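Visitor: Below is the structure I would like to discuss, written out as structure tokens.
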Amino acid sequence: MVFDKSYIEVFPNKMETPKSDIKGLSKAEVDEQRVRFGSNLLIREKNTLLTTIKSAATEPMFILLLLACLVYFIVKQYAEAITMLVALLFVAGIDVLQNFRSQKAVKAISKITARKTKVIRDSTPIEIPIDEVVQNDIIVCEEGVIIAADALILSSNDFAVNEAILTGESVSVEKFEGDTILQGTVVVRGYCYAQVKAVGSQTMLSGIGELVASTGKEKTPLQLKVASFVKVMVIAGSIAFVFVWAYNWWESGSLIHGLLHGLTMAMSVLPEEIPVALSTFMALGAYRLLKKGIIARSPKTVETLGSATVICVDKTGTLTKNLMQVAHTFDFTTQEETDFSSINKSNVILDYAMWASEVKPFDPMEKSIHHFYTSTSPTDEREYYHMVKEFPLAGSPPVMTHVYQNKEKDFIVACKGALEGVLNLCKINEPEKKNILDKGSNYAKRGLRVLGVAKGNWLQTKFPEGQEDINFQFLGLITFDDPADPKIAGVIQQFYEAGVEVKMITGDYKETAIAIANQTGIKTENVITGSELAGLNQEELKRTVGHTSIFARINPEGKLKIINVLKENGAIVAMTGDGVNDAPALKASHIGIAMGKRGTDVAKGAAGLILANDNLGAMVDAIFLGRRINENLSKAIRYIISIHIPIILLVLLPILLVFLPSMLFSPIHVIFLELIMGPTCSVIYENEPTDKNELMKPTSSSKNLLSSAQLWLTIFQGLIITAGCVLMGYYAHLQGFDEVKTRTLIFTTLILSNICLTLVNRSFTRTIVKTILRKNNLIPIIIGISIMLLVLMLQVPALNNLFEIQSLGLKELVYCGLTALASTIWIELYKFLKLNSKKTF
């Protein structure tokens, strides 16, 4: 294809102008095509209110409530039956509401993360969401883009795609005018204009998309662990149900009486709040991240954020301003340096660097080269030459070569790339080679990016297979200035203060990397290059990677190796990246971080997080928010376990302790407690603020939110509450109280213990004296509702009859309150002793 200057994108933020003969569709034609062929949706959203209700109706707790409701109807206890029915609808309603909140957060994130594509409409290039692409649209496909629809190439330049998503083959496939490109494949080189021939369900990818949809979403490690725990508890509840039912049937001779006992036991064992809390915490956590300009693409990422111990950052654009402007050229023959900050002067180095760049540049350096060539060259020759051969960026160190020809059959052969790589292709003696490398090293020490430029001599019509077979003449160096972002030094310091190691991984020179590290505050004691890394065995690699802060001259394979070694060493790894070649390492890291503005579609697709404004500083907030989520989820789970223990034991203990009523609690009592516990763990703890100094260390892995010590302490909390309730039952026995009053005292004590437990479990590193001052607007609401319901149950005769309890005097209420307080407040003394001994738990 003849080179057209209209393809040149001189300024990085200016969208290219299409060829004059490519008009694209008009608005009316777009509407007509959408009516005829539909939208470009691969898989339609199937989540509806009906499916959500159906999901809630299949939950074990719903089934148990339904059974209890039926039993009460059978025995003609209609008040209890209606109460259970209302409770059943209420529990289902909570599930649906929580699901709605989660889905709303997820949809908000999905709307932000929806990919966009460039199209030509009414002769104007615009960017639209992919689902708005219609048949016969003209799409613009550039390096790093995921193709939006099946299309026919109208014109292209050095265009190649990776079709692995369809074929499984990762080898790049060159495409030319008239070839078909398919939705979902990735542009790895060049660009093209193409006319859409199939959208949505008509595309080749649609069959695979439907297969993917049918397989469902992969569960995260924590979701799997919670699901496994709930499954065990369901089995345990089923066994307990059968045992309690059989025992009470044998003891009382009543099948229905035994069945109600068994259902009460099963309901008390089932920890249905844990999966609800997990999904709520993760969805709302992702929504909180979104409000900070951080897009979380998966729950797994939100789970892992707080555990991050290492962040690997690239240099260009992350630590620097991503300006990448031409700074100098150095002519090897004349030994002349041109400083472009003081003078714009055309020279042979800049000319050949331009010819060795892409015709339509994607890389910021190549854009800058084209810009300076346009502004300095007295005669722009680009329109007279067309590319006849390209040797893409390859080799180690990498170089690239372009061959152009004009109508007179004159050739221009231009090569640029890593300085060592270009020198390896040129015939040059060792002393001169050393001098050039020293010159390049001096530039690099100033924080400049350095490339070598060479001129090829080739007169034959048939070109060799490899660029190494061309006879090259070394011309000189070209440097680029991309200064460090002054705000980054503060960000790096915050990472270190948060206990997160920072490692720079760059393809640039060692000296350049050190210069930028010094400007940004990254530790520079240990630096290693890609070639040095390649010479290490596995044990040396694990040892070296762990204590190295700067990795220079690293290729994409090297990045992936570093990430994998860090993971083998037990680190929780976050990594930033924006290019196609970063995708494997982004996917391999625990937390892949892509840049929202300059990141390619491929990088964004491989990453778990997207920084909408390319602001690395947002990651500090993200990590602290991740730690807050993990910390609060841990509190919620500890609360759920602690309060379930007395419920379970108070259903079981009447079998063993004769002074307790044989049926202390019924399904109505258990469901009331469930209705209190659900909002407490999912609403109060999710909204719980934390002190920043409590979050200065990475939280434990998301797979183990509770350590064994924390779990035993949690169980002990539950046992002490149980002991307090049993003690109140023994007091009632000594006083000669009947079954109803005994139940009332124990039930009241348990509800008050639940309120106290909610307050003391707000922090395990701060005493209640300090946490009571923390603002959490939901605490007075939830606790106020709990107290109000308790008062109503104790004072309203109809509720007395329903719950089989009675009103209590002030003295008895004080006893219940003091017992509840004593059963929970002891943890405050434990906290105080631990804090003063400077130990953590």
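Every residue number used here counts from 1 along the chain in the order it is shown.
The backbone N, Cα and C atoms fix where each Cβ goes, glycine too.
Please treat TrEMBL annotations as automatic predictions, because they have not gone through curation.
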Visitor: For the transmembrane segment entry in TrEMBL, name the matching range from 138-154, 274-290.
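Guide: Feature transmembrane segment in TrEMBL: residues 274-290.
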Visitor: Apart from its near flanks, which chain residues at least 6 from the ends of the transmembrane segment (636-660) lie with a Cβ under 8 angstroms of it?
Guide: 240, 244, 247, 261, 264-265, 268-269, 271, 273-274, 277, 281, 670, 673, 677, 680-682, 685-686, 705-706, 710-711, 714-715, 717-719, 721-722, 725-726, 729-730, 733, 742, 746, 750, 753-754, 757-758, 761
Visitor: So what's the average pLDDT for the domain 'Cation-transporting P-type ATPase C-terminal' (663-833)?
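Guide: Value for the domain 'Cation-transporting P-type ATPase C-terminal' (663-833), mean pLDDT as a whole number: 86.
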Visitor: The transmembrane segment (744-765) and the transmembrane segment (777-800): do they have three or more Cβ pairs under 8 Å, with pairs 6 or more apart in sequence?
Guide: yes
Visitor: Honestly, do the transmembrane segment (744-765) and the transmembrane segment (666-685) touch, with at least three Cβ pairs under 8 Å and pairs 6 or more apart in sequence?
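Guide: Output yes: the transmembrane segment (744-765) sits against the transmembrane segment (666-685).
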Visitor: Grab the same-chain neighbours of the transmembrane segment (812-833) for me: Cβ-Cβ under 8 Å, and only residues 6 or more beyond its ends, written as numbers and ranges.
Guide: 713, 717, 720-721, 723-725, 727-728, 731, 745, 748-750, 752-753, 755-757, 760-761, 764-768
